[in-house]
Each structure stands twice: as structure tokens, then as C-alpha cells.
Amino acid sequence: MDIMIARDLQWTLLFWTTLAVVVPVIITLWCSVQRSKRKIHMKDFFRKSKHGWHCTDLFNKPTYCCVCQQHILQGAVCDCCGVCADETCLRRADRSLVCKEIMAPSRTDGTLAHRWVRGNVPLCSVCAVCKEQCGNQPKLCDFRCVWCQTTVHDDCKLSLSDGERCELGEFRSLIIPPHYLHHVNKLRRRHPDEYSKLASACGSGWTPVLVLANTRSGNNMGEALLGEFRTILNPVQVFDLSELPPSKALQLCTLLPPGSVRVLVCGGDGTVGWVLDAIDTMKLKGQDQFIPRVMILPLGTGNDLSNSLGWGSGYAGEIPVEQVLRNILEAEVVKMDRWKVQVASKGLYFRKPKVLSMNNYFSVGPDALMALNFHTHREKTPSFFSSRIINKAVYFMYGTKDCLVQECKDLDKRIELELDGERVALPSLEGIIVCNIGYWGGGCRLWEGMGDEPYPPTRLDDGLLEVVGVFGSFHCAQIQVKMANPVRLGQAHTVRLVLKTSRMPMQVDGEPWAQGPCTITITHKTQAFMLYHSTEQTDDDDESSTSEAESSAPHDSPKPAGPASARA
């Protein structure tokens, strides 16, 4: 009998254990299915809506529905105008509450009227009339203008000194007013002179900005940044490069006064190169007068170009987007060389050579091998590479592996190097790096080096390339931690490399590939107008920050031309 009782207890325990495991799994699967259906339904609704709705499962501050005025924990918020709504009130909000208009006529006096949205004002907002804090009551209260970001109490709204006139706030010189686009749309003759006349109504010093963000770059901050910029600027100025290529986004420049536009690229070095290639296409179309100036908000992994221009080695939300826009106003315009990399494969004489654009650097050897391995695995599992820290850890892993395997050894026996037509004798190297900018490898100043061998700083606009060699992955690591210098091979206007045998990993600006025997020729292509931030500290060494900022900017005196002597 005791055996029977024990057996019954075992079956009971097994039943409840199975139930405890299976029921949560079933509930989780059911919730996942329902969530997927809801996402599909909401995505279709958002696509047809005039608002820029964005769903959230938990608001990060006290939020009230703009329709039913009840406190809500989850729902949707419009990135453009800031309207919030519960899911049950979403359709009603979409019909009854007007979003930020990208194009609208001005008032009779030629000015823009405030566009008020009630409730959910930013934390620590101050009333423009009484200077007291707004939004501190536990209900839907107070107003915010979606254009100038002015906040005002319900009772103070009628006491505004300027009435309903909106001046577009602090960033009026960066915003494209809706009435400007309305007038452009009504122009019979679209000519740059007409745009300049219309721009006079936008005030002196009007330099509208276009924001181009890559939501897949680095730490995936692009989507959140798009919403923040749409809140401050005209939504027509903000583009998601995963939905619209830069060549189409930049066509807005042709509707604005020539030479006035600035472009903020939110992404990595690859995204910047993509945008600069689109600008080169504008030149081919005869749109030179509309060429914009380019600024970088670094969201990628290496961000060496951003570092060289004074914008830092990476953005993780440490400064608000308002400060980013202020930096645009303070930046100075500099020129940057761009280069053409022509790869002609050996034996394929009837096939056109592969032509690439280079902004940062070209390399063959261990750093290109690390980039190739990283790129291959990121293509297989892109969701894993969503963090800048994880990306750098993967690079470190592949670099450590190559220290043991040494796949690129005896490079000097496989390759020939010519600088401005002169053959350079190579020591026993594993890699060659051709640099256009001051930084390489995620923040290392490669050409200047360290120790007792001072070298003149690199420049962005001198038409010269710096060519260095490395002994392997371990040598690359030593250079990055300032324990060694590279092998300086020389400077040149034209670089030619001939890969005689075998396949070698190569990369241009972080885009790697495996290449068989070929001839690589690097020549000057054009110059791009970039925005340089001279006050940003971009290196860990505090004592040398001033000299490094100066060395990154173009100087008046040119560097000596021609190849330097090879150094072992």
C-alpha cells in the first residue's frame, strides 16, 4: 500500500510539474502570436496615418491620453507633434487631432501661427508668461507649440506677448518653415534666384539642415534620434535611410537656396561614404550649386572620420539633440579629399575594373582580415551585432586569432608598392594601410605615432595619402595602445599596389572583400565640404587635445609632396 501511495504521489508531482512548465509556455506563445497580429495591424494603420505614430509598452514619464485625458502606461505617441493616445483612442486621435504640417500657407502678415498641443509637456518646462514650471499637475494640462517648443499654462495662454505669432524658437535658422515649402510649390519658375528671395522671409543666416539617419548603424540609436529630430524640426527634413536612399533625400537641397543647406549624417563611416557618393551624383547632374555641407553624428563602430573632424568617437545619447543642433550652428566648413580606388583583376582584361570611393583608408592585411571576418558573421546574424561594445569585442577576438594563425604573413613577397611611380622596397610586413585622415582603427592617430619620432600632422585637403605598414595583428594592437609606431612608407598623390599571387583580404572604409591577383590604383577623385568641430576633444590624452584638434583641421601650408623613404 505504501508503494501505491508513493506511486500516486509521483504521478501527482509529475502532473503538476508538467502543468507548471507547459502552461507558461502556452501563455507565452499565445501572447507572442497576439503581439505579432497586433504589430501587423498597427503597422498597416500607421502606414496610412498622417501622424508619425510610435508604439510603446511603457512610457518613461507620466503620460495622459490627449483624447480621453486619462493616465496611460502604454499606447502610442506621434514623433512629429507629440500627441499621445491610448490604444483604444488611437483612431479617434488620428482623425480629430491634426499633426505637424510640413507645408502650409502663412498668415496674412507672412508669419507662422503657433501650433499648440495640450498636455504631456517636457519635464522641467517653464511657462513663457509667468516663468513657473509647466506640466506639474497630475492631469492633461498646459500647452506646447510643436514648432518653437514654447510651453505655457492653460491660464496664461491668452496673455502671450506675441499673441499667436510663432518665431520657430531657438533653431529657427535650421528649420524649414511650412510656408516656405508652400510658396515653393506655387512657383511657376523654379530657379535658385527665386529660392533666395523666398529665403529672405526666413531671416538672415538661414541654413536649413537635413537629417539622414541609418537605423542599422552601430548601437541602433537611429530610430530614437529620428523621432527626436522630427519633434524639433520640420518632419520633411528628417529621413530614414533604410526607407529612402540618400540620392533621393538630397533632392530636397534643390528646392532650397544654393549653398545654404547642411546635412547631418547619423551613422557610421560607411553611411557617411554613402551620402558623399550621393553628393557626387548631384555634381554629375549639374547640381553643383546645391551641394550641402556635411556633419557627422557618429553611431557606427569605428567612427574614424567623425573623430578626425572633431565630432568624437561615438554617440550614445550623452548630449541632447538640442546640443547637437547647436553644434551645427557653431561648426566651420572645411574641405576633405576623396579618392578613387580602382581594382583591376589579373587576367580579366575585358571586364571593367571595380571602382570604389575612399574617404578614410584602404588596407590589405590583418586589419582587413578582421573586418572581413566581422562582416561575414554580421551578415549571417545581424541582430547579434547591435551594440558598439559587442562589435569591438568581436574585432578583438578575430585579432587575437590572427596573432596565432598569421594568415597574411610574407606580404612583402606577394605585393609591390609604388608611390607616385617610384617603387618602394618593403620590409617583412603583413599589412599595408593607405590613410587619408588622421585616425585609424577606432581612434588611433596612425601617421603621427608616438615617442621620439615626431611627424607632421595629417591634413584633410592636401591631396596626399599617408602609407604605412604593420608587422601583424599584434603590432596593430600595440599601435592602438600607443606602445609602438607603424612602419612609415611614405606620402604620395598616387598609390599603386600590385598583388602578384594568392588571395588577400582588403578593405576600403570598413567594407571588406577577398581579392585575388590584381592591380590597385588610388588616385584623387574630388573634394567634399565637411563641417569641423574645433572645440570637441577627440582623444583620451588630455594634454595633447589642443594640438590634435589643430592637426585634424586643414592648414594653410601644404605638406611636402612625393614619397618618403622606406623605413624598417
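Glycine is treated like the rest: Cβ placed from N, Cα and C.
What TrEMBL says about this protein:
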type: TRANSMEM; residues: 13-33; note: transmembrane segment
type: DOMAIN; residues: 50-99; note: domain 'Phorbol-ester/DAG-type'
type: DOMAIN; residues: 113-166; note: domain 'Phorbol-ester/DAG-type'
type: DOMAIN; residues: 204-345; note: domain 'DAGKc'
type: REGION; residues: 535-568; note: region 'Disordered'
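Note on the domain 'DAGKc' (204-345): DSSP counts are 58 helix, 34 strand, 50 coil. Residue counts for the domain 'Phorbol-ester/DAG-type' (50-99) by DSSP state, with H, G and I taken as helix and E and B as strand, are 10 helix, 14 strand, 26 coil. When averaged over the domain 'Phorbol-ester/DAG-type' (50-99), pLDDT in the model lands at 90.
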